[in-house]
Structure formats: structure tokens, C-alpha cells
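First the structure, in the form of C-alpha cells, and then the observations on it.
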Amino acid sequence: MQLVLEKRAERSGTIALVSPLIAVGLTIVTMVILFAILGKNPLLALHAYFIAPLTDGYSLQEIAVKATPLVMIAIGLSLCYLANAWNIGAEGQFLIGAVAGSWIAVRTQGTDAGAWVLPAMLVLAAAAGALYALIPAICKVKFGASEILTSLMLVYVADLFLDYLVRGPWRDPHGFNFPTTAEFDPVATVPLLIEGGRLHLGSIIVLLVVAAAAILLGRTIKGFEIRVVGAAPRAARFGGFKADRLIILTFAISGALAGLAGIIEVAGPIGHLQPGISPGYGFTAIIVAFLGRLNPLGILVAGLFLALTFIGGEQAQIAMKIPLDVTKVFQGILLFYVLACDSLILYRFKLVFPNRQVARGAG
Amino acid sequence: MRKSLLALATGLLLAGSVSAASAADKLKVGFIYLGPIGDLGWTYQHDQGRLALVKELGDKIETTYLENVPEGPDAERSIEQLVRAGNKLIFTTSFGYMDPTLKVAKKYPNVHFEHATGYKRNPNMSTYSARWYQGRYIQGLIAAKMSKSGVLGYIGSFPIPEVVSGINATMLAAQSINPNIKVKIIWANTWFDPGKEADAAKALIDQGADVIMQHTDSPAPMQIASERGKLAFGQDSEMIKFGPKTQLTSILDTWGPYYIERVKAELAGTWKSEDSWGGLDSHMFAMAPYTNMPDEVKKMAEDAQAAIIAGKLHPFKCPIVGQDGKPVECKGGDHLDDGQILGMNFYVKGIDDKLPGK
């Protein structure tokens, strides 16, 4: 006797949409129990997590700031994953983009460089991210190397490279040896949308990216090709679609978007290059991509939701003295339920009795 | 049924806002911590300071802390969150919060900020730190006496002046006992990472070091030294329980009195932006009991401590020769002045290592 997961035949679009909502509902129920055990008022805690951050402009800005890199990276990753190309190294592409863009900022520091600096930084960052993502893609296509492993390992290479630069050649000469570049000049900084706020141009760019991805996937042949190659590789081959070319293309796009996210983060909220510029955005974006069902609009919602849990978690820490660990538990439980709901909705458990099957086959 | 649930919900929310209102009369004091409060080192000591504050002034103030705040893009938001939650005095307790603290301070001129170990100030932003190099000097004396191999192992965090001055003070003291003493330095590039710190301790011991010193925050190096039967100095807090036969002494950060003093000033309306840099005489830090050493070494350490407190012994007493063999300019008369120590960016002679990035 064996327990197997069997794919359900019918698969409605409604269910795919409802599944994450069920997961969120279950998470909330679990958190209520957890808060009660911790001796915290569950209603107030949920209020701090989900409602309070949505009620003032400041927190809304912060949610947008936090969601910007997550959504930008996740959009690129979703294209890869739809085409069955497993880019796990967005974190590295993010860092390389940040480094490449910062190169211009560091080089032009203190000179009277014009308004071309920021656009050049964005373009160079995207190009560098794309090139960096092409390494695993080409290794996959030419040599059959697992893109999961190579892209992941390149994260550490990027991380150490950045580390070397800010500790060595790019270190701020007046920074008392602290590993950071000098603050970027105003022309090398992503402009703020609200004076005195933190919302920056990157949030607008990310909306454009979401729209572009929605059009690409929904209305173009290329988008169709991406989806077919991922969903039905054999059919795609008969249709004349080349899976290899698509791996290269989707990796390049996702690397470019991750690189862009990297430079926007560095030239925006941070303002200089330093180690630890990413609290794991490239990895969290993988969660965002799947939570958003690999759909551009879904990813936008998922990114905002995840950002909300970060900001809400901080406010819960302040308002209710709920430890940071609870926020992490909370995010973990959410993912657990998302995966569980997906599995149970798309698959069903079945007890398999090998003997009887053989008998039936013989009969 | 639904109605009663709704009533319950409203009731609970109301109860919450009422308790928030009564708390509003108290002065709100916020803290930003780098590590978890259970790191048993740097952050733990700051939290002990906060608890001392609560014990002393708990009826007049309410404290809030955010822990595990990375020195990156999130720091500015975390600090601003504390401001927006009504905190009027905010302590940001790590060097890397300097620029984010300054940014938020400029944005909220009516809130007062206290940044630990930095050098940028504002009319509403003070800095505070301790002259740990004094404690390092005493440790250097002990280390040179206790080391049999003549090799000290030093785990650095970041090559910032505070850490570099600690290494120099240690070596100047050690050289005064044993002119041929050697030091091996490993930069962990982190303030708190027990795994990396333990690896560094192992590597140093493998290179012949028999006394381990650290400028990182976890007790991991102490545990490794203890396992390997070597000696070590604790950091930030009392770590003797991790090495009862290993710890020689430890620099204890005692922030409580400072926090109480500053909050009292805030309550009295006399808070001013200041630069506090307290030494052993000011109780900004203390030395843990001198243990696991012969009585004569202990006496030497205690005498040095008394001399430093009395102002008779300055760790950076001139002449000081730099790594390049040239004498260092002596701006403070017979010792280096505070500016030179705060911005220290050179090794003294006898350190067989290259300062990263130099």
C-alpha cells in the first residue's frame, strides 16, 4: 500500500485564484491561536499587522518601497519559471546590477556630470544583470549544467565581489574605513516622488514592468511561446518553438529586471553601495512569484502583501511588543499553507494497492 | 451571534486604545538593536541598560525596542517607525545606524536621538561611546604575561577606528611586557555571527595563538578557546559561564547609568546634543573580575586599571611608532589626542598584518 499524490483532472481558474486566499485565511486563524497563546490580544495584533499599516500614508509609502524590488525581481522570475527555466540566482543578478550601476555613480562622484548619470546607471545595471544571468543560461543550453545550481552559486560570487569593491577600491576615503562608498551625488540618485517621503521613481518603473509583462504574456506570440514551452514542451517542439532560445531569453530578461531592482535600491533608499544591500530580496522574490501564481498582476498583489507583513510586523513589534520572531513564524506559516493548499487543490491523495492494480491489468 | 462578535471586537479595540491613551502620558523611549536581545553580547548589554532604565524610571517612561535591525536600507524605516509611534528619545545602538539616524533626525527636529559609537551629530542628535581602548590595554598586558607561544589571536569585526584602536592599544601594552609578541588578526566582517566567529577562533588557534581576543559580539570564540584548552577575553558582557577556566577578564558595557542620566535630562527638559566618550573612570564600561591568572598578573592588571582611572597611565602615550617605522605625530601633548584615537587608521609597529583597504 502506498500513498501517492495524483494530479486532479479538472483544474478551474477560480480554484487557482481562491487557493491563496484560503491559505491567507488559514494563516490568520493560526496566528490568532498563536497570539492567544502568547497572551496578546489577537484582534489588536491582527489590526497591527494588517490594518494599521494601511491606514496612513507613511506606511503605505513604506509598503510600496519594500514591495518595489520584490515585484520587479519576481516578474522576471515568473517568465523564467513559466518557461521551465529555473533561475534561483536573482539575488546575485540584483547585486551585480547594483555594482555595475554604482560604478558610474562612483566614477562621476564630485564631477559636474549631467542628468545622463542616472539613466546610464539604470541601463548599465540592467545590462549587467542580464549578462550575469546569461552565464547559467548558456551553461545550461551548451553543456546541460543545472541552471539551479549554477545560478545559485553565482550569488556568492556576486556577494564577495561587491564586498571586495566596497572594502577596497570604492571605499569612501572619508568613511573611517567603514565598508561603504561615499553617498551618491544627487544626479546619481533615484528621485523621490513625494518631498520628504521615501516613495521613489522605482515604484513607477515597477508598475510599467508589470504592465509590460502582462501584455507580453497575454497578447504576444512570444508570451504564448513562453507558456507553451513551459506547460507542454513536446507540443512546443512540434510547434517549432525552440526551448533553448527561450531559456536564454527569459534568463536575460529576469537578470535585467533583477539588476535594475538592484541599482534602484542602491541609488534610491540606500544612497550608497555597501555590503548587505539586500536582505535576501532575490530569494524572497521567488516566494512572491509563486504566491502571485506567476501572473504579473498576482505578483504585484503578492509583493504588496509580503511587504505589508514586513511593515506590519515592525509595527506589531512596536505597538504590542510582539517579538520579531513571530513575524518570521508568520511568514513561514503563510508559505506553508500556500504550498499545502496548492498541493491539495491541484492534486489529491490516493492510496495505491500495487497487487490489485497488477490483477486488474492482467484481467 | 454576529452582532455579539462585532461588539466583542469593538470592545477589544476600544480597550486597546484606552490603554494606549494612558501610556501616552509617559515619555516614550525607543531603542534600535543590531542583534537579537539574546546575543549575550553587544545587544544584550544595551538591553540590560534599558532594563536598568525601566527599573529606575519605569513609572515615568515607556520603552520600546526593535531588535535585529540590519545596518542597511531597513534601518531608516525602523528608526522612523519608532518616531511615528511617539518615541521622543531614541537610542540607535550601532555604528552603522549613523547615516540613517542623521537622516531621520533632520526630518524630525523635535525628537531627540542618541547614536552609539558614531561621529556625526546634530542639534537633536548626540553620540555616546566608551573608551574601550583602555580596557584593551589592560587585556594586552595580561595577554602578554599569559601567552606561552607569544602569539595572540584577535578576531576583528570591521576595520573601523574603534576596532583598530583596540588592536593598537592591545599591542602597545603587550609589547611593553614582551617586545617580540605577535598578533594574528582575522576580520570576521560581521558584528555577530557565532559560526564565523567560531571558525575564526579555530583558525587562530591552529596558527599558534594561545590567547584569543575578540571584537565581535557572541560568546562563540570563548567556547572554542575553552574546548581547545586556551585562554580568552570576553567581549561586551560577562562570558565566564562559557569558559569558567578560560576567561581572563571581559570588557563589560554598562550602559544603564548613561541611559538613566539622559532620560532624566529629557524628562527635566535639559537634554542637549552632546558627545559623551566615557572611560573606566566614568563607569561607561567596567572590567569583569580578573580570573584564571596568577596573583601577580592579577595585581598588575588591577594596578594598571587604577592608574588609568587616576589618569596616570594613558594607553596611547607617546612616542608611538607606526607600522611604517615613522613616529606618529603627538597632538595631545604626551599622548595622542582624542581626534587621533577616534579616527585611528594605522597599525602600530610590530603588527604583522596589513590594515584592510590600506
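Glycine is no exception: its Cβ is also placed from the backbone N, Cα and C atoms.
According to TrEMBL, the features are:
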type     : residues  : note
TRANSMEM : A:12-38   : transmembrane segment
TRANSMEM : A:63-82   : transmembrane segment
TRANSMEM : A:94-110  : transmembrane segment
TRANSMEM : A:116-135 : transmembrane segment
TRANSMEM : A:147-166 : transmembrane segment
TRANSMEM : A:199-217 : transmembrane segment
TRANSMEM : A:246-268 : transmembrane segment
TRANSMEM : A:280-308 : transmembrane segment
TRANSMEM : A:329-349 : transmembrane segment
By a Cβ-Cβ criterion of under 8 Å, what residues six or more beyond either terminus of the transmembrane segment (A:147-166) are in contact with it? 85-89, 91-93, 95-96, 98-99, 132-133, 135-137, 139-140, 179-181, 247, 251, 273-275, 277, 282
For the transmembrane segment (A:94-110), which recorded stretch in the set A:63-82, A:246-268, A:280-308, A:329-349 gives the largest number of Cβ pairs separated by under 8 Å? A:246-268
Under 8 Å Cβ-Cβ from the transmembrane segment (A:63-82), and at least six residues away from its ends along the same chain, one finds 53-54, 90, 94, 198-200, 202-203, 205-206, 209-210, 213, 216-217, 226-227, 230, 250-251, 253-258, 260-262, 264-265, 268-269, 278, 281-282, 284-286, 288-290, 292, 294-296, 299-300, 302-304, 306-308, 310-311
Against which stretches of its own chain does the transmembrane segment (A:329-349) lie, if we need a Cβ under 8 Å and a gap of at least six residues from its ends? 3-8, 11, 15-16, 19-20, 22-24, 26-27, 30-31, 34, 49, 287, 290-291, 306, 309, 313
